[in-house]
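*Asks:* What follows is a structure written as structure tokens; I'll ask about it next.
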Amino acid sequence: MSSLSLSHVLLLSPSVCLSNTGDGNPRESSPFINNTDDDKGTLYDGKNMALFEEEMDSNPMVSSLLNKLANYTNLTQGVREHEEADEDEGAKKKTVKSPQMGTFIGVYLPCLQNILGVILFLRMTWIVGTAGILESFIIVSMCCSCTMLTAISMSAIATNGVVPAGGSYYMISRSLGPEFGGAVGLCFYLGTTFAGAMYILGTIEILLTYIVPSAAIFKAEEKAQEADALLNNMRVYGTCCLTLMALVVFVGVKYVNKLALVFLACVVLSILAIYAGVIKTIFEPPVFPVCLLGNRTLQNHDFDKCMKTEIIDNVTVTTKLWSLFCEGPELNASCNEYFSLNNVTEIQGIPGLTSGVISENMWGSYGPAGMLVEKAVPSVPASVASQDKYMPYVANDITTFFTLLVGIYFPSVTGIMAGSNRSGDLRDAQRSIPIGTILAIATTSIIYLSCVVVFGACIEGVVLRDKFGDSVKGNLVIGTLSWPSPWVIVIGSFFSCCGAGLQSLTGAPRLLQAIARDGIVPFLQVFGHGKANGEPTWALLLTAVICESGILIASLDAVAPILSMFFLMCYLFVNLACALQTLLRTPNWRPRFKYYHWALSFLGMSLCLALMFISSWYYALVAMLIAGCIYKYIEYRGAEKEWGDGIRGLSLNAARYALIRLEEAPPHTKNWRPQLLVLLSLDSELSVKHPRLLSFTTQLKAGKGLTIVGSVLEGTYLTRESDAKRAEQVTIKSAMAAEKTKGFCHVVVSSNLRDGFSHLIQSAGLGGMKHNSVLMAWPANWKQSNDPQSWRNFIETIRETTAAHQALLVAKNVDSFPHQERLAEGTIDVWWIVHDGGLLMLLPFLLQQHKVWRKCKMRIFTVAQLDDNSIQMKKDLQMFLYHLRLNAEVEVVEMSRSSIRRKNQSGAHGSAVNNQNAQLIHDRNTASHAALNDNSDATPERVHMTWTKEKFCTERTRNREPNASVAVRDLFNMKPNQSNVRCMHTAVKLNEVVVNKSQGAHLVLLNMPGPPKNVSLEALFGEKNMHHVDP
């Protein structure tokens, strides 16, 4: 027997193998029917015996299918749960049944019902007549292609886990993060709410125009006032209808659920009646005569005969039509000029499928508001057309153009989310959602495209362009084509619009409730509450208010483009989510639906964006502005959520790419800025000793560049692992949040503090994002401490920072630094002793960008010797600052062995602000001296005290003279074997002049040379010498 190879064995810790459903709840699953779980006993009721679960869908019993059809509902899972909770209130809660819905009942029919609706019945014929068959075909194809591509992307997302109540919001938020999810979720909520307003307006339009026109409250006395009267009637009746529907939803959605099958039947029967009518026109077209005056279409309301005169008992008498155009019924009465010049003719409004009218309806007929609907026949024009608007002609009520029709039509293809919203009700959601949704879109696309052709082939062009059917005695135009009666379409469309309106008022509040309960938008928290059974009462109230604003617009054609924007934005981000997840190839991206591709998702996203701007560019900009404001609000105030979204993965990929690019070349001088490593000290309680160090970091960085906050715990990682995590996650991050410091934090455990800080200095950062400066506090209370290790660690940190070629900033008296309070006018004093490449000039400039230091002015002091040309030094320094584009006052201080005096004070006055103690920051940028340091091992380099070329040459010459003055030079040229008394005397003198000149300054910046190499601590900085540095 061959031995087992262990070269590729992966050992895992013991765990339970669970299947993740995508909602964070792992579940055990079994594909076999003979599962013994009691709670799954009802899963296979009414099924034939089969070995695997997949086989059960192929052989369902007829009784089971009929039973499901009888229990059909168009409500989502969350709504059903609320309904059951309401019914079981006060009684023992029933056992929740296992999901039973299949593809046909659970996905296909709800999608079909939601897609087919008000636009098909009220505007489709008008769109075909206005745009023509070809352009209408393009409009329908674009919109249907958009929803089909979105459905493919949605299917991939929906089959990558369970989609609970919330539907598209849940998919987008879990795929693109809370910011995008909240923004698009609220836009989708607004779209659903305005859809409710559109359906209610459609209901009222059918009621007042085609069912009971006499019920109108506002009636126009003149033809010019008809439009305003109609809008006012829509507002009054729409508000009443909205109130009634909201009350029905508030009382209980179970009443809506009982009518779901009725609403579905109305939609299906209406579609069948249309196709039956089309077939009937081949053999016997319906009789709907249309009266033309010349080539103009007449409103056939107030007359019954299409003739000017008629002969009754051999007497020629005028008709009612004559009275509409003439001043009286007499034959010699004065009549309208166009009426007198042209004859009336009667044509068939529905000539039939084989009549050849399709060629006339192939092209569009756009025009401004008030343009008369005319047929392409000869006529005699009138010399004056000013009275035409008062005549009973059929005219355009709005200005028509191609992009407007796109915006009006698009709502007719929405509703594709109905299947994904109910995934919890489906027996096999990952199979049913893709199949049912794509089949529903394919079915409705075929219906819409065929309707474009059959409407253009069966109906006269002037009737198609007659939006309200005035030319066919006020009948619904699509109803004139139906069989057996126009009332089938009228009643069917009326109930269909009612059902769709109720569905919107039921779904929109629950969508808002799902967003509110996620807690990502703080001001929406109140809308997450409701009745005892979970009904979103407050969300319903807000939905009704927003819906009322849409009803007050009162025009179906004006509301439709608004909700088109919101739905298109939602579909755009569904496509973006799928494309992003596919390109990132995240391990969790394993959808069961395999027929997707990132290119299709990008095509769908591009099509959505194009349709937004085609429909209405200003509505598109407003929708994007609303979404952008919500996005920034959630980013600024929203709750932190970690959903494993694609934006986080995209950020990781972008960061990785940027880090690799940074490694390709060193940063240019123009891009240089302090990238800080802040060394924090923690006390025994793991509290931050100097939190003002973080305040100073915030003021210095202002959120720009890299900030790493590091700390060291003494011990071993095995024993202090929990302390390290607590210090990092709780203590330091809380302190950073309190001080508004943006950056990263890292706590290491080391056997001693010196090694720990050494590790941080060496290894903090990643790739090109590494620190170039170290910020730390001056060791406090080192004089009172009996342990010399505190100042030894401090000196070692200085030396290791120097060895790493990094700048070192040491903050003295850091606990008295300003926090967030703005300082009054004062100064930031810079003592430029050693040339450091400009870092000392850059620090005050960076501080002045922050509000705390904004009112402070910069003063620069430089030290000269007696034989220096102080006047020229000052001029050169001022010119240097001018080229650096920095505003500062310049002072040159002369320093000798026994005196300190000020030269050339004119024009350089500094004002004392208060008596607070001066604060010192010692900084060292050894990068600019790396070459010099490398050439001086035990003997330190020659440091010039000013930056000028003249001074550099003078210093070099004086260095060669045996009797040169060494008073100031010895401070920076100290050798280990020299006497320290003379050097410390000079340091004290320098300290006195700093305190004297900068006593009233808010901040003092002072640079010092770095320590020499290969020198012991005792020889370089003994405890006695620390007293001179820390007076």
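Placed from the backbone N, Cα and C atoms, the Cβ positions cover glycine too.
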*Asks:* Which residue range, 134-157, 614-637, is the one TrEMBL calls transmembrane segment?
*Replies:* 134-157
*Asks:* Pick from 484-502, 731-749, 826-844: which range has transmembrane segment per TrEMBL?
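*Replies:* Comparing 484-502, 731-749, 826-844 with TrEMBL, transmembrane segment matches 484-502.
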*Asks:* Quick one: sort out which of 188-208, 398-418 is the transmembrane segment according to TrEMBL.
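*Replies:* The range carrying the transmembrane segment annotation in TrEMBL is 398-418.
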*Asks:* Quick check for me: are there 3+ Cβ pairs below 8 Å between the transmembrane segment (236-253) and the transmembrane segment (484-502), leaving out pairs under 6 residues apart?
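*Replies:* Contact between the transmembrane segment (484-502) and the transmembrane segment (236-253): present, because at least 3 Cβ pairs are under 8 Å.
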*Asks:* Are there three or more C-beta pairs under 8 angstroms joining the transmembrane segment (438-464) and the transmembrane segment (134-157), sequence spacing 6 or more?
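*Replies:* Contact confirmed: at least 3 Cβ pairs fall under 8 Å.
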*Asks:* Are there residues at least 6 beyond the ends of the transmembrane segment (101-122) whose Cβ is under 8 Å from a Cβ of it, and what are they?
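*Replies:* Contacts of the transmembrane segment (101-122) (Cβ under 8 Å, skipping residues fewer than 6 from its ends): 57, 60, 68-69, 72, 74, 198-199, 202, 205-206, 263-264, 267, 270-271, 408-409, 411-416, 418-419, 422, 425-428, 431-433, 435-437, 439-441, 443-444, 447-448, 451, 476, 478, 489, 492-493, 496-497, 499-500, 503, 556, 560.
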*Asks:* Apart from its near flanks, which chain residues at least 6 from the ends of the transmembrane segment (538-556) lie with a Cβ under 8 angstroms of it?
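*Replies:* Same-chain residues near the transmembrane segment (538-556) but 6 or more away: 118, 122-123, 190, 193-194, 196-198, 200-202, 205, 231-232, 234-235, 238-239, 242-243, 246, 249-250, 504-505, 508-510, 512-513, 516, 526-530, 562.
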*Asks:* Summarise the model confidence on the domain 'Amino acid permease/ SLC12A' (396-677) as a single mean pLDDT, whole number.
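*Replies:* Its mean pLDDT is 87.
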*Asks:* Out of 398-418, 438-464, 484-502, 562-583, what stretch is closest in contact terms to the transmembrane segment (260-283), meaning most Cβ pairs under 8 angstroms?
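*Replies:* Between the stretches 398-418, 438-464, 484-502, 562-583, 484-502 has the largest tally.
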